[in-house]
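One structure below.
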Amino acid sequence: MVLVCASSSKCKRNTFLQLAMVLFAVVMARIALYFHNHLDEPLVDPYDANGNPQFSEANALKHVIHLSDDIGYRILGTIEQERAREYIMNEVLALQKQLQDGPNADIHQMEVSLESGDGAHRFDFMNKYVIKKYQNLKNIVVRLSNGTEACKEEAVLINAHVDSTLPSPGATDDALAVAILLEAIRIFISRPVPLTHSIVFLFNDAEESLQDASHMFITQSPLRDTIKCVVNLEACGTTGSEILFQATSNEMIKAYSHVPHPFGTVLADDVFRTGLILSDTDFRQFVQYGNLTGLDMAVVKNSYLYHTKKDLAPYISPGTPQNFGENILAILTYLVSPEADLNNMKSSGTVYFSVFNSLFFMYSKLTSKILNTLVGGLGILLTLRGSEGSFTVALIAQVISIAGIFVIPNIWAYILGNVLDCGMSWFRNEYWPLFIYLPAIFASLFFTESLFKRSEHLALRATIFIFSLLTFIPLPSAYLFTIIDFFMVFALFLNDKILAKPGTVHPLTYFIGSIGAMTVGFESAINLLEIFVPLTGRIGTDKVADNVVATVCVCGFNIYFPLMSPWIQRFRSRCCFRLGLLFSIFVVGFSSFILAKQDTYYDSLHPRRIFVQRMENITSNEVSLHIASADSAPGFDKLSSDLSSLLTDEPVVKTEMDDWNSDWDTVYPFSQFLGSYRIPLNDTVDVTTLPSIKFSNKVVKDNVVNVTVTVEHPGLIWTVVSFDADVLSWSLPEVPSTVRRHHVREVSAYGLDSYSFNMSYLEAPIYFDFVGVDGVGHYPSKASEGRDRASIQLCEKLTNDYLPDWTDTLCIGVVSGNFKLE
């Protein structure tokens, strides 16, 4: 994107330097991408040539395939979840017998238990409160120790969840983690090395229902008080290395430092804590209720298939299970050794990051402050030394330049999404946004840099001064600015002392000054793109996706090309600036036009998520179809209208999604991100066994009512009751006193169909809204068993005949009703 002006002798003289810098940037990016995407060859044999046990991807995939392909959709409350649990228990018991019959029976002790229980907890998400109630959940718990009480009293917990969510068979989320745990058990019992600390393997029953089974374990398990730390395994992608995105103690980060394929950064930790990812894991329950520290790790690349029907074993990239499994083995091997101090698990602000998936660095919060202060302080001193009034002007110009590359691309992003209605045209590829927003950034640079006449050296000093200030940001992820700034400060020092004449910049300064940016900085920029571009397909219908991605591109550009402003000033000429600006604008327009004119912004491997439910209301006797989307790309309104015209003569109705619209309460609080339409159907309600809400033991005293509420939901799963009331107390977790709208989501094991809670509230009529998913009315998981259901028939028809192949549909039958408590 750096232009050569043919009519300018200055541009001609510097053509070689321009090309050299471009080549340097490309080569560095190519090297970084190679290591970023590199995965070792998967292993097949469970033992190496010397007979030592090793992680076998082939073994792990057998478990993944059985759970996700053979058993399929492991939805809590269905028979498939019971079958998955039975399969895992059989595998665990077989491993236990293998240990008992093998040569290591006197070295290891393996205890297996099935822990069940009921409970409730409050789940807060994006300023929403939901009460979770669960019944008869069953966790498979395996403790591996040397048989002594001392070993058992200091345990490492490693967690994976067995269930999957609608509408996903959950190969990576989270059958892969389950398979890794099974492989880890096999390997540890095959090693003739006694454990100093025990390992508790938790195959938890319910994560997708908002982390119920992990809550049950950490609040009810007999082993909970022995747990000293936790390693949580998750996935939202299908390819690449798993990332360490939460690490909360120095000792656990030290454990991670032993992995053969490190890929983690405290920057991911800081981003995750902002809530921008709109996701959470079981790790939250272990921290909140167990006061544990630990590691949270997940496969995140290619999250286009997250929670879709294509989360299947064939889409897991070869090498991903091997990479993940070997890293987990290294972590556990350290944690069960005498070297690990499990009594030193205090939370810390340790800074950590990896480079090229090969090198791992960690240092304390104090060390971080010292390094940041030294590098930043030195940078400020060097840039301010001998400063004159012109530096102030250069600094103001640099601030305006940085502001420009944030503002101008975001203005264009707003126009694309909100004016031209062609937002998210780049969705199918994590790197396609660069075709639009990279030239927009250069256009901004050429424009703003042309406004101020400043020397190249002053522009360099101003750039380094600003990056030096960034090192003082009070976040662990400020390490990134420190590394980038270190090389720039070092380059400036060499330039001023050795390489160049006073007030000039030697070309080598740019190459030296860009080393940090084009290594650690590039990895960070790529990670942001790979996380946020697929994420825009599920962040809601507000038209902000292009602005989010434009901002990510700008941040990535500043991280990778921090010295672009002085570099442009090096070739300053009116001709170069004009041509650069015009060419950049042309590329922006051309790229935007080409991408916008695609027939669709999606394909089968990068699908649009569509949420469909056929709702039968037993109170109004109305049947309706609800169709919703979770992204802001164009076309959904037309898709809904076309669908309506195929099914009925009734007009489609746009519904307002708020806390008082219970249509999508089955996915509350995620429902707040949906844009939904309601299509009335000319069908009759055909619910064989009606749900009900019954009220008993009612006592009224001094305007306060005490009552027992019993919800009966035969044949329905994932039920929700929502209502407005001034609740004074109840047998459920407390909510803030300012909250009047309450949502109680209930899940239970297969076969249970009722639950109760006691409530005390200020006397006034209460209107309960009830919704529940038909236990055999979700498609395609129950396509065969529920083929006589109208919801299954409709879902099948929609999927096969109406909806494009670039959609991925959650399609369910829902029963709703309204009940009044006088």
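The backbone N, Cα and C atoms fix where each Cβ goes, and this holds for glycine too.
Here's what Swiss-Prot has on this protein:
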ACT_SITE  E207  active site, proton acceptor
BINDING   H161, D173, E234  Zn(2+) 1 binding site
CARBOHYD  N146  N-linked glycosylation site
CARBOHYD  N291  N-linked glycosylation site
CARBOHYD  N617  N-linked glycosylation site
CARBOHYD  N682  N-linked glycosylation site
CARBOHYD  N706  N-linked glycosylation site
CARBOHYD  N758  N-linked glycosylation site
TOPO_DOM  36-365  topological domain 'Lumenal'
TOPO_DOM  414-431  topological domain 'Lumenal'
TOPO_DOM  536-547  topological domain 'Lumenal'
TOPO_DOM  597-822  topological domain 'Lumenal'
TRANSMEM  15-35  transmembrane segment
TRANSMEM  366-384  transmembrane segment
TRANSMEM  393-413  transmembrane segment
TRANSMEM  432-452  transmembrane segment
TRANSMEM  464-484  transmembrane segment
TRANSMEM  486-506  transmembrane segment
TRANSMEM  515-535  transmembrane segment
TRANSMEM  548-568  transmembrane segment
TRANSMEM  576-596  transmembrane segment
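A map of Swiss-Prot features onto the structure.
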{"residue": "N146", "record": "N-linked glycosylation site", "Cβ contacts under 8 Å, 6 or more apart": "I107, H108, Q109, P194, L195, T196, S198"}
{"residue": "H161", "record": "Zn(2+) 1 binding site", "Cβ contacts under 8 Å, 6 or more apart": "D174, A177, V178, F203, N204, D205, A206, E207, E208, A213, S214, D282"}
{"residue": "D173", "record": "Zn(2+) 1 binding site", "Cβ contacts under 8 Å, 6 or more apart": "S164, T165, E234, A235, C236, Y306, H307, D311"}
{"residue": "N291", "record": "N-linked glycosylation site", "Cβ contacts under 8 Å, 6 or more apart": "none"}
{"residue": "N617", "record": "N-linked glycosylation site", "Cβ contacts under 8 Å, 6 or more apart": "V623, S624, V685, S816, G817, N818"}
{"residue": "N682", "record": "N-linked glycosylation site", "Cβ contacts under 8 Å, 6 or more apart": "V623, T648, E650"}
{"residue": "N706", "record": "N-linked glycosylation site", "Cβ contacts under 8 Å, 6 or more apart": "N697, K698, V699, V700, N758, M759, S760"}
Legend entry - Site of maximum Cβ density within 10 Å, from recorded positions E207, E234: E207
Inset, instruction - Would you identify the secondary structure of H161 (Zn(2+) 1 binding site) according to DSSP, in three states? - result: strand
Legend entry - Cβ-based neighbourhood (8 Å from the centroid) of the Zn(2+) 1 site, residues H161, D173, E234 excluded: A160, G170, T172, D174, A177, E207, E208, L233, A235, T281, D282, A298
Inset, instruction - Using a Cβ-Cβ cut-off of under 8 Å, list the residues of the same chain that are 6+ residues beyond the ends of the topological domain 'Lumenal' (414-431) and lie near it. - result: 529-530, 533-534, 536-537, 543-547, 549, 592, 595-596, 598, 601-603, 606, 631-634
Inset, instruction - Based on DSSP, name the secondary structure state of D173 (Zn(2+) 1 binding site): helix, strand or coil. - result: helix
Legend entry - Predicted model, mean pLDDT over the topological domain 'Lumenal' (536-547): 94
Inset, instruction - Find the member of 15-35, 486-506, 515-535, 548-568 that has more C-beta pairs under 8 Å to the transmembrane segment (432-452) than any other listed stretch. - result: 548-568
Legend entry - Positions on the same chain near the transmembrane segment (393-413), where near means CB under 8 A and six or more residues out: 423, 436-437, 440-441, 443-445, 447-449, 451-452, 454-455, 458-459, 461-463, 465-466, 546-547, 549-551, 553-554, 557-558, 565, 588, 592
Legend entry - Sequence-remote partners of the transmembrane segment (548-568) [C-beta within less than 8 Å, at least six residues beyond its ends]: 2, 21, 25, 29, 398, 401-402, 405-406, 409-410, 412-413, 426, 433-434, 437-438, 440-441, 445-446, 449, 456-457, 459-460, 462-463, 467, 480, 484, 488, 505, 510, 513-514, 517-518, 521-522, 524-526, 528-529, 532-533, 536, 539, 580
Legend entry - Residues from the same chain, set at least six apart from the ends of the topological domain 'Lumenal' (536-547), whose C-beta lies under 8 A from its own: 278, 304, 306-307, 410, 413-414, 416-418, 423-424, 427, 606, 608-609, 629-633, 636, 672-675
Legend entry - Considering the transmembrane segment (15-35), which listed stretch of 366-384, 464-484, 486-506, 515-535 counts the most C-beta pairs under 8 Å: 515-535
Inset, instruction - Provide the three-state secondary structure of N291 (N-linked glycosylation site) computed with DSSP. - result: coil
Inset, instruction - State the non-local partners of the transmembrane segment (366-384) in its own chain: residues 6+ outside its ends, Cβ under 8 Å from one of its Cβ atoms. - result: 349, 351, 391, 461-462, 464-465, 467-472, 476, 478-479, 481-482, 485-486, 488-489, 492-493, 496
Inset, instruction - Could you tell me which three-state DSSP class N146 (N-linked glycosylation site) falls into? - result: coil
Legend entry - Neighbouring C-beta atoms (10 Å sphere around the C-beta of N758 (N-linked glycosylation site)): 14
